[in-house]
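Peer 1: Heads up, here are the entries from TrEMBL:
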type	residues	note
TRANSMEM	6-27	transmembrane segment
BINDING	199-206, 282-286, 344-347	GTP binding site
DOMAIN	365-378	domain 'SRP54-type proteins GTP-binding'
Amino acid sequence: MTNETLEILLAAGIPLAIVVAVTTLLVRRRRGPDTDEAPTALDEPVVVPAPEVEQTVEAPAPPVEVLPEEAEAPSVLEVPAPVAGRLARLRDRLSKSGSPLGARLLAVLSKDHLTEDDWDELEETLLLADVGAGPTGELIDALRTRVRVEGLKDPAQVRALLREQLIALVDPTLDRSLHTAPGAAADGSRLPAVVLVVGVNGTGKTTTVGKLARVLVADGRTVVLGAADTFRAAAADQLQTWGSRVGVHTVRSDRDGADPAAVAFDAVRTGRAEGIDVVLVDTAGRLQNKAGLMDELGKITRVITREAPLSEVLLVLDATTGQNGLNQARVFSEVAGVTGIVLTKLDGTAKGGIVVAVQRELGVPVKLVGLGEGPDDLAPFDPEAFVDALLEG
Ligand SMILES: Nc1nc2c(ncn2[C@@H]2O[C@H](COP(=O)(O)OP(=O)(O)OP(=O)(O)O)[C@@H](O)[C@H]2O)c(=O)[nH]1
């Protein structure tokens, strides 16, 4: 048989074989249940073996109440990136966000002779970068004195001076540690650390809670999430997805618009019953009016503290919103007893000066910064690494 003949036979034969097979199967099926033939593969239910669950991170103990989400756990848990050194990413991100503050300051300060216009330009640059009027005045005064007294000319010396002054402005003496160590109740039972996350809507609260859960998991802690943002329907789903990626359980209500205080209470009670280290509670960010906000956050705080004291109240602030964001933050800090600030979207602004302004305005340290939308784009705030990122960006 030649190759050509073989190809013709194959071309005609394969469709013919398919037609014969399909016809046979159809005829067999039509015969119905009275046939005494053994069932064909088409009659049998398809049994697909369950994929093996590969766990790279220890899953938390099962919750007190088994919620439907347990069935949705992903087959492979993610391993969060190490936390150390994350702030260094800011340098790359800042260099992409136009002309960063540090570069602009250095460009003026590196001139041979600084005129009054140059000092005005420096001042304007700091104000435009949201440093705020008070801190800007302080920095300019300190720089002028040092440049005059020490007669600094060498660019490396000027740069070192600017670095030193910026670090002083950001204030390295503030306590930026996140209080997440479990405590003990009067009866000796273990209490989880409770972190309440508040802020205006859209600032990145839910994302921050998700990223923070990963930071804690990377640190070997057990975590429970409380979806007390019952105002936005998708918020609980969003939070649950974050948690399930690292094996963290989310306590939520199955009803939209449920009482956020009740969900927060359930989350803390679950955390306590299960001996969890940290309970992170996400809240809605409605800023209808101060009285309404005070009522809602006051109630959440009251019911939580029936189970365990609050370890941290983190205010999430969008770094790109400038003065407007600061005004809103002031209202939250007045009603919620804020202990730390999370400054998100620092990757999306060349105005790093907001760090200084927000600390001065609210009298509370920036403890964490958001550096992007990636799951591990949250870093502990470190004044020196931050200033280095500004100057080297
Ligand atoms: N570039 C950037 N985007 C961020 C950062 N943090 C959060 N986002 C984005 O900001 C948007 C809003 O984030 P959410 O976490 O839903 O904000 P929220 O405050 O919980 O919003 P509400 O539930 O409406 O109150 C999302 O698209 C996030 O991906 C960050 O550090 N950098």
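Keep in mind that glycine also has a Cβ here, set from the backbone N, Cα and C atoms.
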Peer 1: List the residues of the same chain that sit at least 6 positions away from Thr283 (GTP binding site) in sequence and have their Cβ under 8 Å from its Cβ, in sequence order, or write 'none'.
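Peer 2: Once residues fewer than 6 apart are set aside, Thr283 (GTP binding site) is near Leu196, Val197, Val198, Lys205, Ala228, Asp229, Pro260, Ala264, Glu296, Leu297, Ile300.
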Peer 1: So if I exclude everything within five residues of the ends of the domain 'SRP54-type proteins GTP-binding' (365-378), which remaining residues of that chain have a CB under 8 angstroms from its CBs? That is, six or more out.
Peer 2: 78, 80-81, 86-87, 89-90, 93, 171, 174-178, 204, 207-208, 210-212, 214-215, 242, 245, 314, 319, 340-347, 355, 358-359, 386
Peer 1: Near ligand 1, which of the binding-site residues Gly202, Lys205, Thr283, Arg286 are found, taking a Cβ distance under 6 A to any of its atoms?
Peer 2: Gly202, Lys205
Peer 1: From the DSSP assignment alone, can you count helix, strand and coil residues within the domain 'SRP54-type proteins GTP-binding' (365-378)?
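Peer 2: Split by secondary structure, the domain 'SRP54-type proteins GTP-binding' (365-378) comes out as 0 helix, 6 strand, 8 coil.
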Peer 1: According to DSSP, does Gly202 (GTP binding site) fall in a helix, a strand, or coil?
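Peer 2: Reduced to three states, the DSSP call for Gly202 (GTP binding site) is coil.
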Peer 1: Enumerate same-chain residues with a sequence separation of six or more from Leu346 (GTP binding site) and a Cβ-Cβ distance below 8 A; give 'none' if the list is empty.
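Peer 2: Counting only residues 6 or more apart in sequence, the Cβ neighbours of Leu346 (GTP binding site) under 8 Å are Leu90, Arg93, Ala319, Gly352, Val369, Gly370, Leu371.
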Peer 1: Cβ-Cβ under 8 Å from Gly199 (GTP binding site), same chain, 6 or more residues apart: which ones?
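Peer 2: In sequence order, Lys205, Gly285, Leu315, Val316, Leu317, Ala329, Phe332, Val342 meet the Cβ cut-off.
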Peer 1: A 10 Å Cβ contact count, applied to the binding-site residues Lys205, Arg286: which residue has the minimum?
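Peer 2: Arg286, out of the binding-site residues Lys205, Arg286, has the fewest neighbouring Cβ atoms within 10 Å.
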Peer 1: Can you tell me whether DSSP puts Arg286 (GTP binding site) in helix, strand or coil?
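Peer 2: The residue in question, Arg286 (GTP binding site), is coil (DSSP, three-state).
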Peer 1: Other than its own, how many Cβ atoms are within 10 Å of the Cβ belonging to Gly202 (GTP binding site)?
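Peer 2: Around Gly202 (GTP binding site), other Cβ atoms within 10 Å: 12.
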